[in-house]
Structures are given as C-alpha cells and as structure tokens.
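What follows is one structure encoded as structure tokens, with my remarks underneath.
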Amino acid sequence: MGRLEGKVIVLTAAAQGIGRASALAFAREGAKVIATDINEAKLQELENYPGIQTRVLDVTKKRQIDQFASEIEKIDVLFNVAGFVHHGTILDCEEKDWDFSMNLNVRSMYLMIKAFLPKMLAQKSGNIINMSSVASSIKGVENRCVYSATKAAVIGLTKSVAADFIQQGIRCNCVCPGTVDTPSLQERIQARDDPKEALKAFLNRQKTGRFASAEEVALLCVYLASDESAYVTGTPVVIDGGWSL
C-alpha cells in the first residue's frame with residue numbers, strides 16, 4: 001500500500017516543474033490527484049498517468065476557484081504551487097510587477113485556502129502545503145526583491161493558518177527550496193543577456209555544486225502530504241543544499 005493511499009490531493013501549477021513532479025509522486029504513492037494548471041496543453045500530458053485527473057484553473061480568478069471547490073466533495077491535501085519569479089531589485093520592480101507577483105504568489109494561495117479550508121474543517125482533518133522559497137524571510141537574495149517579499153508572505157500565511165486551526169485537525173506547512181532545475185529556471189537563464197554566464201552564476205552559489213531536481217523536492221512533498229508528518233505543522237521546511245547556511 002502506498003504512503004498516500006486513499007488521499008485526495010488537489011494541487012496547482014501541476015503542468016511542469018515541481019508541481020508536475022509532485023503530482024506524479026503523489027499518484028505513485030496511491031493518492032487520487034486532481035492536478036490543476038492554466039496551461040491546458042501541458043496539463044493534458046498528465047492524463048495518461050493512473051490516479052491523476054486534470055482541471056484547467058486560473059488561480060488568480062476567485063470565481064473559478066470557488067466553482068472548482070464546490071465540485072470537490074472530499075479533500076485531504078491542498079498543495080499550492082503556483083508562482084512567478086520576478087528578476088530585479090526594488091528599482092526594477094514597477095507597480096504592475098509588484099501587483100502581478102503578489103496576486104499570483106500570495107493572493108492565489110489565500111483564495112485556494114479560503115475555498116477549501118471549510119471542507120477540511122467539516123471533515124475535522126486537512127493538510128495544506130504551500131510553496132515558499134529560501135529567497136524569503138530566510139535569506140536575502142540579490143535581484144529577487146518582490147519574489148522574496150511574496151515568499152516571506154507565504155511563510156507568514158502558513159504559520160497563521162497553522163496557528164488558527166491546529167486544534168481543529170488542520171495542518172499547514174510550506175516548502176522552501178533553493179534553486180531547482182525546472183523549465184522556469186531554464187527560461188530565466190535563457191532570458192538573460194549572457195545565458196552561459198547566468199548559468200555559471202546560478203551554479204556558483206550552490207554549495208553542493210548542483211541544482212536540486214524537481215523530483216527531490218517532490219519527495220519532500222510526499223512526506224508532508226503523508227501521515228508520517230502528522231506532528232509537523234506551521235513549519236517552513238528548507239530543502240536548499242545548504243545554500244542558506
């Protein structure tokens with residue numbers, strides 16, 4: 001029997017990167033996975049895997065989220081993954097950049113939690129996992145101003161939800177990766193003026209000499225989604241290869 005046998009898991013940003021790796025890892029451990037993303041074409045690739053059903057969802061749209069939540073009868077785990085990495089200092093961050101990042105990286109989690117938490121409370125059990133980052137209140141990182149601000153907010157949101165509902169059977173934790181080799185990272189590297197130098201700079205700050213893989217982060221997410229972590233709540237769980245040391 002899998003470590004997540006019988007659990008219903010809803011996750012966002014499942015079409016690629018950590019979201020995709022986690023959806024596959026959850027399904028392998030026996031969960032019924034409801035994988036959502038705004039990218040319908042990429043999302044459909046998951047439909048070939050047993051235990052995974054897909055749903056196109058824009059997590060910045062409250063009406064879509066509320067409609068989606070109304071269709072879900074049971075949920076054991078909510079995994080909020082959706083996010084965007086803005087490059088630059090505060091001087092490079094226009095108001096529209098700030099608003100976009102806050103909307104996608106923080107408000108979407110607020111909307112998802114608010115939509116699904118009442119179902120968990122009615123069940124008297126529930127598990128929420130939010131994607132944060134080491135680039136947050138944990139570590140100051142150059143050229144990650146608004147991104148770090150949003151991910152620090154995610155840590156605060158996580159702790160608040162955990163504290164408010166701990167006695168009602170709800171757990172809430174967040175995952176704080178360092179640099180992970182994902183399509184998003186590769187896109188950011190290629191967008192730089194000198195991609196080779198950008199890749200070198202990313203690698204030079206890795207104390208292990210390499211990036212994390214999405215699959216490594218997904219294994220941590222399996223643990224947090226499972227009953228093995230039943231005594232863990234309100235915790236920012238770091239997986240960064242020692243970058244924050």
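Yeah, the Cβs are placed from backbone N, Cα and C, and that goes for glycine too.
The NAD(+) binding site annotation in Swiss-Prot covers Gln16, Gly17, Ile18, Asp37, Asp58, Lys151, Val180, Asp181, Thr182, Pro183, Ser184. According to Swiss-Prot, the feature substrate binding site maps to Arg144, Arg188, Arg205. Taken from Swiss-Prot, the feature active site, proton acceptor applies to Tyr147, supported by sequence analysis.
Swiss-Prot feature annotations superimposed on the structure.
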residue	record	DSSP (3 states)
Gln16	NAD(+) binding site	coil
Asp58	NAD(+) binding site	coil
Arg144	substrate binding site	strand
Val180	NAD(+) binding site	strand
Arg188	substrate binding site	helix
Arg205	substrate binding site	coil
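Compared over the binding-site residues Gln16, Thr182, Ser184, the count of CB atoms lying within 10 A of a residue's CB peaks at Thr182.
Cβ-based crowding with a 10 Å cutoff singles out Arg144 as the top-ranked of the binding-site residues Arg144, Arg188, Arg205. A simple Cβ count within 10 Å picks out one of the binding-site residues Ile18, Val180 as the most packed, and that one is Ile18. Over all protein chains present, the Cβ of Tyr147 (active site, proton acceptor) has 22 other Cβ atoms lying within 10 Å. Rounded to a whole value, the Cα-Cα separation of Val180 (NAD(+) binding site) and Arg188 (substrate binding site) is 12 Å. Site extent for substrate: the farthest pair of Cα atoms among Arg144, Arg188, Arg205 sits 16 Å apart.
For Asp58 (NAD(+) binding site), the same-chain residues 6+ apart in sequence whose C-beta sits under 8 angstroms from its C-beta are Ile38, Gln64. Among Gln16, Gly17, Ile18, Asp37, Asp58, Lys151, Val180, Asp181, Thr182, Pro183, Ser184, the residues given in the record as binding NAD(+), the maximal Cα to Cα distance rounds to 24 Å. In sequence order, Val85, His87, Ala135, Val141, Glu142, Asn143, Thr179, Phe202 are the same-chain residues whose CB sits within 8 A of the CB centroid of Arg144, Arg188, Arg205, the residues recorded for substrate being left out. For Arg144 (substrate binding site), the spatially nearest entry among the binding-site residues Gln16, Ile18, Thr182, Ser184 is Ser184, judged by CA separation. With respect to their backbone Cα atoms, Ile18 (NAD(+) binding site) and Arg188 (substrate binding site) stand 16 Å from each other.
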